[in-house]
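Student: Supplied in structure tokens, the structure appears directly below.
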Amino acid sequence: MAAALQTNIRPVKFPATLRALTKQSSPAPFRVRCAAASPGKKRYNITLLPGDGIGPEVISIAKNVLQQAGSLEGLEFSFQEMPVGGAALDLVGVPLPEETVSAAKESDAVLLGAIGGYKWDKNEKHLKPETGLLQLRAGLKVFANLRPATVLPQLVDASTLKREVAEGVDLMVVRELTGGIYFGVPRGIKTNENGEEVGYNTEVYAAHEIDRIARVAFETARKRRGKLCSVDKANVLDASILWRRRVTALAAEYPDVELSHMYVDNAAMQLVRDPKQFDTIVTNNIFGDILSDEASMITGSIGMLPSASLSDSGPGLFEPIHGSAPDIAGQDKANPLATILSAAMLLKYGLGEEKAAKRIEDAVLGALNKGFRTGDIYSAGTKLVGCKEMGEEVLKSVDSHVQASV
């Protein structure tokens, strides 16, 4: 069985302002919760984790967009901002305070900015910002990571692939997040009988772990174009033989979804040769880690890519895939679109509010259609803008809600 990650979350004494925040009331945790609100409106509690580097900048903008799109669709949001990562280390000495975990668990969804920075690189492992993120995922029991990779027509020339290969790419990688070789036991480094050091890890998957990620993938494919490719290494690995067997058996419950199988080495090649053949990909932890990063580069900029991590019943964790970019933090240079699109995923996959999610997605396309670009996606003939102005343009498009061309 996959070993559980030790959280080592410690209670800390917050400054008065943060203690006041943690006293806000929230409903008991379960998937897609809705508290009482104004007549005709639904209310959701959202925990915001700005984190480090450019995180606070992009979270501030995404919050405004989320609030505006929600209000236009009859939704009300109550936001609670909590520290995590390096910001929490500086504030209270640990990367994930117990109060942050409690707030996240009691919310309907969690929106994260970014984690990490040079400042904390030399910290011991348990005091690194990234440890806080791993602990948060473990605390929320998220097991399914959804990462879309879409080449928008406005940005097709930013892709490293030829236009005819990149144009029209729209795929989703569904990665199992808590099992496999990253968590399997036994693991370690030891000295063998010859006195030589040996490092070893174990790829382990139980049937229920495969079944639950496969269900997420089938449901995701059903909402997209109805095609699911399961990626494994069943010609070599026993764990992959079981993976393929379980996914194939589950396909009987989804006759409307076309299932195919592909070995991971071939999948890695096909992603750059003909990425348009893929709709939804489901795979294990380590293969998903690699393939999702590969797929992200097809789009041309990680500043455009959101992600969602889902659990069986509790709140999901939504975040851009880019890092904290401390070298541009506070300079109004960050691209907020990945975080804005993460807010759209929060609405769609976390709360089931697809109309509000579509409003945000259309607004992003609307701003791009008008030619606005941050530095990472800028090209000749477009208008270079900063983080704040890009956010303002998306907000304008949310208000107008003109169906954007794709």
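Using the three backbone atoms N, Cα and C, a Cβ is placed for every residue, glycine included.
Feature annotation from Swiss-Prot assigns transit peptide to 1-34. Annotation comment: Swiss-Prot describes S71 as phosphoserine, evidence class similarity to another entry. Residues annotated as NAD(+) binding site in Swiss-Prot, with similarity to another entry given as evidence: 117-130, 323-335. Here Swiss-Prot flags R137, R147, R175, D265 as substrate binding site. Taken from Swiss-Prot, the feature site 'Important for catalysis' covers Y182, K233. Annotated Mg(2+) binding site per Swiss-Prot: D265, D289, D293, in sequence order.
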Student: Out of R137, K233, K333, which of these recorded positions shows the lowest number of other CB atoms within 10 Å of its CB?
Tutor: K333
Student: Select the most exposed residue of K125, R147, R175, where exposure means the fewest other Cβ atoms within 10 Å, treating these as the binding-site residues.
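Tutor: Least crowded of the binding-site residues K125, R147, R175, by Cβ count within 10 Å, is K125.
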Student: Which residues, same chain and not among D265, D289, D293, have a CB within 8 angstroms of the centroid of the CB atoms at the recorded Mg(2+) site?
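Tutor: Here the non-site neighbours turn out to be V264, A268, I286, F287, G288, I290, L291, S292, E294.
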Student: Looking at the recorded positions S71, R175, K233, D293, which has the shortest Cα distance to K333 (NAD(+) binding site)?
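Tutor: Closest by Cα: D293.
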Student: Would you pick out, from the recorded positions S71, G117, D121, the residue whose Cβ has the largest number of other Cβ atoms within 10 Å?
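Tutor: Buried the deepest by this measure is G117.
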Student: What Cα-Cα separation, expressed in whole Å, is found between P129 (NAD(+) binding site) and R175 (substrate binding site)?
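Tutor: A Cα-Cα distance of 23 Å.
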Student: Counting across all protein chains shown, how many other Cβ atoms sit within 10 Å of the Cβ of D293 (Mg(2+) binding site)?
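Tutor: I get 14 for this one.
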Student: For K233 (site 'Important for catalysis'), what is the secondary structure state per DSSP, taken as helix, strand or coil?
Tutor: coil
Student: Measuring Cα to Cα, how far is K233 (site 'Important for catalysis') from R175 (substrate binding site) in Å?
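Tutor: Each residue's Cα considered, K233 (site 'Important for catalysis') and R175 (substrate binding site) end up 15 Å apart.
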Student: I need the nearest neighbour of R147 (substrate binding site) among the recorded positions K125, Y182, D293, A329, using C-alpha distances.
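Tutor: In terms of Cα distance, R147 (substrate binding site) lies closest to D293.
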Student: Which is it, of D265, D289: the one of these binding-site residues whose Cβ has the most other Cβ atoms within 10 Å?
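Tutor: Of the binding-site residues D265, D289, the highest Cβ count within 10 Å belongs to D289.
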Student: Show me the subset of S71, G117, D289 whose Cα is within 10 Å of R175 (substrate binding site); these are the recorded positions I mean.
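Tutor: Hits: D289.
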Student: State the three-class DSSP label for P129 (NAD(+) binding site), counting H, G and I as helix, E and B as strand, and everything else as coil.
Tutor: helix
